[in-house]
Structures are given as structure tokens and as C-alpha cells.
Amino acid sequence: MIKKFKLAILAGDGIGPEVMEEGIKILEVIKKKFMLKLDIKEYLVGGVAIDKFGTALPKSTIDGCLNADAVLFGSVGGDKWKHLPVEQQPERAALLPLRKILNLFVNIRSSKLYSSLSHLSPLKSKIVNNGFDILCVRELIGGIYYGIPKGQKMDNYKRRYAVDTSIYYEEEITRIANFAFEIATFRRKKVTSVDKANVLETSILWREVVNKVAKKYPEISLNHLYVDNASMQIIKNPMDFDVILCPNLFGDILSDECGMITGSIGMLPSASLNKSKFGLYEPAGGSAPDISGKNIANPIALILSISMLFKYSFEQLNIADAIESSVINVLKDGYRTFDILTTNTNEKLLSTSSMGSKISDYLKHEE
Ligand code: NAD
């Protein structure tokens, strides 16, 4: 029987459209190879949407996402829109509201060090020789990014000040903790919860609630780390980590740290999910204005985001695995975009479009 899925594609700005083109090549192969009916519709988001509709998140784009089974997102932002008030700029005006509208309360970022690329890690080889596989589970629509009051004000003495409010409801912590423990049951069964419970009230509640949720998962081992210590331990011993559970702000920072120690942001996929299987999938990096338009961006982060999409939203594990295997095999055979190229003579430099075509070819022949 032919399976049917609806996919909304939001390529956005900068390298977004370039890497998305390669993602579409992969989707075309999947459709044929696995007999899927993929109904793909493209929508504008970010700076290109501001140029056409005067807003970074037009209603047609919101409706398109709400009507889809999953969203594949490129990236938004660029110098062209930097003169706008911050609340109208692409990232703030498109991504943040989209996460809220779609109720994407969890962000997961996989930081896996592939053995063929372990030399790219900035960490010493004795630390990363055996690779590592960390999954950062970040609460995405609560905490200090969304708390009210927020903004800049003037006090009675005409001194300017700014305020952000950090707030967490017990239920918000419970649902993200449940997610982290569930996902850990399919992995190495270890959760590290990150907070700042020695200073912050929200962190004290965070720790209490995580401990409560942990009682439902006796097979999962749980430890707590203060965020400052976590940032040190990740660098000292990344192999010690399996699932890292974080509030919004700490997750934003630590997931970048976990990404960086793999060697390139161009390799890192991410997924933002809600309670049902719906999700928004995107590369961890941004619109990379410094390299956009040059056909040199690494499309692997976007292609691995498609693998996550087939795993978490469409629940087609064989397709997810086939995509990931094709990427691993292309890397094993020495093909590289410029960001992951070293002086090793076995390596062959590919452009964005050639890397996309190479992975598509490998995928066609993947068992
Ligand atoms: P960035 O991730 O765009 O770039 C940081 C560095 O990583 C750059 O040197 C870039 O060339 C490199 N890089 C990123 N993706 C790459 C890829 N696929 N292949 C090779 N190299 C890659 O972050 P930035 O420079 O801080 O931000 C640039 C713009 O992107 C800003 O407007 C920012 O607001 C926006 N941004 C958007 C998102 C998003 O859409 N989700 C996320 C972060 C930043």
C-alpha cells in the first residue's frame, strides 16, 4: 500500500534555499524507492516573506504548516533585514512565533561524532577516539525566552533598564521530562538534567519535577548537573553523556557546545516536536550569509534533518536509517564539503549541489 504524507517546505533565506534544493533531491529518491506519496508544498518565511508580504510569517505559511504532517525548514535572517526593529526581524518574527503556534515544546539536537570525522573535533583525540552520541533535549516554548514582563523600560529616575522573566510551570517541566525519559529508553538509558538549582527558583522546581518524573522510569539512570559544571563535563568527557535534558536557555547554549565538539555546524540536524507526532525539522545552523550564494554550504545537516523527520514524525525507521547510512558511506568514501575538508589526501571536495547528488546516488543504491 502506498503511504501518504503532507510536507510543508520553508526554505527561507541565505543558504536555506541552497541546502533545501539538495533535500528535495533526497525526497524525490525516497518517493520512488520507498513507494511513498509525498505531498510537498513550499511556503515563504523570513526575509523573503518580509520582501513579498511585509511580514516574516505570513498567514498562508502558518496555514500551510498547520495543514501538514511535518515541516522542513531551511534558515532565516540576513543583513538585508537587520535595520528592522528587532521584533520584526526574521528570526524573532518567524521562528519564535511559529514554535509557539505549532506548540513545539521540545527541541532535540543530535550531536554524533562519526568515526570517519573524529579528526575534525577540536577536542584531543584521546577524548574523542571512540566517538560520542549525545542527544540534547531542550524545552523550547517556556522559560526566560517567553516570560512576561519582558522589554526595556525607564525607571522613576530616568535610568534605562531591561527585564526578562524566567518562569516555568510544573506541567511544562513534566512534559519535557517525560519526553526525555521516553527517548532515553530507546538509547543508552541515561538522562542528565541540567539546571542552576543552587541559585534559581525555576531550577529548584525543575529538579523536583524531574526527580518525580524519574520515578516512572526505574530503568533509566538520572543525574543532575549545574549548567556551569555541565559545560565543563561535556568537553572533558562527552562519552559520559546520552540524553541531556535542559530548560530553554541552557539548552540553547549547551546544544551549540555539543554541536561544536563534533567539528562542524553544517553536519547537525535538529527537530522541534509537539505532543502528537508533528514536528519542524531544520539544520542547527543559521542562514550563513558569509557563504550563501557560493554553492559551498554543507547540505548534510538538512539531509539528516530529513532522516529525523522520517523517524519521529512519519515513523518510517527504515527510510530514516537509509538516509543516515548514505551520509555515513559518502563520508567514509572521503567526499567532503569545504567546512569538513582537511589536508588528508584521500578527501574529495564537493560543492553543495554535488554533495546532494552524491548522497542521492548512494541512497538509490542503499540496501
Ligand atoms: P550561522 O549558523 O548562520 O553561521 C555561523 C558559521 O557557521 C558561519 O561561518 C557559517 O558559514 C557556518 N555555517 C553554518 N551553516 C553551515 C553549513 N550548512 N555549511 C557550512 N558552514 C555553515 O550563524 P550566524 O552567523 O550567527 O547567523 C547568521 C544569520 O542566521 C543571522 O541572521 C541569524 O539571525 C540567523 N540564524 C538563523 C537561524 C535559523 O534560521 N534557525 C539560526 C541561527 C541564526
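In case you wondered, yes, glycine gets a Cβ from its N, Cα and C as well.
Record check, TrEMBL: substrate site residues include Arg99, Arg109, Asp228, and the candidate from Arg138, Arg188, Arg207 also listed there is Arg138. Counting other C-beta atoms within 10 Å of each candidate's C-beta, the binding-site residues Asp228, Asp256, Asp290 are led by Asp256. Taking the binding-site residues Arg109, Arg138, Gly286, Ala288 in turn, the residue surrounded by the fewest other Cβ atoms inside 10 Å of its Cβ turns out to be Gly286. For Tyr145 (site 'Important for catalysis') paired with Ile296 (NAD(+) binding site), the C-alpha to C-alpha distance reads 33 Å. In the predicted model, the domain 'Isopropylmalate dehydrogenase-like' (6-359) shows an average pLDDT of 95.
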